[in-house]
Amino acid sequence: MDFFQYQDKQLFAEQMRVADIVKQHGTPCYIYSRKTLERHYHAFTDAAKGHPHLVCYAVKANSNIAVLNVLARLGAGFDIVSKGELARVIEAGGDTDKVVFSGVAKTADEIAFALQHNIKCFNVESTPELKRISEVATDMGVPARVSIRVNPDIDAKTHPYISTGLKENKFGIDIKQAFEVYQLAYALPSIDVVGVDFHIGSQLTEVDPFLAALDKVIALIEQLKSAGIELQHLDIGGGLGVPYDSEKPPHPSAYAAQVKARLTQYPHLELVFEPGRAIAANAGILVTKVEYLKRSQDKHFAIVDAGMNDMLRPSLYQAWQSIIAVNPRDDDTPIHAYDVVGPVCETGDFLGKNRLLAIQEGDLLAQRSAGAYGFTMSSNYNSRPRVAELMVDGDTCYVIRQRESLSSLWQGEHLLP
Ligand code: LLP
């Protein structure tokens, strides 16, 4: 559930009219709801109750420092994939000792930065990476805590671009080789083996693939135990889906209950979650204005002021996200099936296709479920300044990232003498 609801046929973000917010801040803009972020975070912590746990929000989903700060205040940990994301967590007041560092290409500089900030652990994705972490930690004279990210070869049944747990994917270490890698980790200097980790993909709508992966990982935990390698935590990654359309992903409580049921033998094994989308997606909308209505022989186009540079998901993954009128009309405006397209010079620039809408030029539309992988995947393509990000907290709206100015477009660029 989120806090973007209609009241008297007007869309509200918590207690604020979206149309009023736009009057002040313009379009396009992302609007987030603090209460929704908090509710979704608590869905995970409540679900995990009764078992030691840590919810490490996946920063890549939405990395605005205000978003990170709202979660940090609740005690969240963070899943990061770059030095930049760690720097954001620090800037937002997050605890670095609750940070797990995922990603296949950690540079020596990034490893050193993370060690300097004493992160909880590195989720190691290859043997060369493990050796590099050992070298950097030895040079710095500090221990590096590591968890091996195993690739369990499970089909997550999601879009191929966001599936990560198949053996043909670049992520993690083949679970069949994991035992050997743990033995190597144990033997390497400055390495402290603390956990095991898997993440099989994103926007998962069934629990079964998680459980199939979990069973394989529990077998590994047992094998390690009999060899004297005792782990402190089990990180089951992120990936829980959200209802963009008619999907019915499991609620965090149902998902966690099934996971916990498999861990009764391990009451001290800390359970780590890395949710991104499930926390942020439905905590945000992208608001855009209809610039033109255009009719070709057999198509109705609604040309809006937000494009694929602002929201890439539909173009990149053919992702479907709901598009609704901010103030639905009750006059005699005809309903048509519109392709809602942006200003970018690409045929693939659309927010949605075949959407039944009754709209006029100047109307406002909201694309829902835009809080995750929306702004973070945006760009300046076509020299379009990136849009404002706003956060509503009750009856107050805060600018958490100002709209970029024209001159910011060429900031850092230089003419030849
Ligand atoms: N942990 C790891 C190691 C990950 O790679 C990811 C996402 C997450 C956690 C968080 O997954 P989530 O709970 O958000 O599903 N841009 C794509 C999604 C890419 C996800 C990449 N990894 C999209 O817009 O659908």
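Any Cβ shown, glycine's included, is placed from N, Cα and C.
Where the annotation comes from TrEMBL, it is an automatic prediction and has not been curated.
According to TrEMBL, the residue from Arg262, Arg277, Arg403 that belongs to the substrate site alongside Arg313, Tyr317, Glu346, Tyr373 is Arg277. With Glu274, Pro275, Gly276, Arg277, Tyr373 listed by TrEMBL as binding pyridoxal 5'-phosphate, the candidate from Gly239, Gly307, Gly342 annotated for that site turns out to be Gly239. Long-range Cβ proximity for Arg313 (substrate binding site), meaning a same-chain Cβ under 8 A and a gap of 6 or more residues, is found for Ala319, Gln321, Tyr373, Gly374, Met377. Sorted by the number of other CB atoms within 10 A, the binding-site residues Gly239, Pro275, Gly276 start with Gly276, the lowest. Within the group of binding-site residues (Glu274, Glu346), the Cβ with the highest number of other Cβ atoms inside 10 Å belongs to Glu274. Counting Cβ atoms from all protein chains shown, Arg277 (pyridoxal 5'-phosphate binding site) has 27 others lying within 10 Å of its own Cβ.
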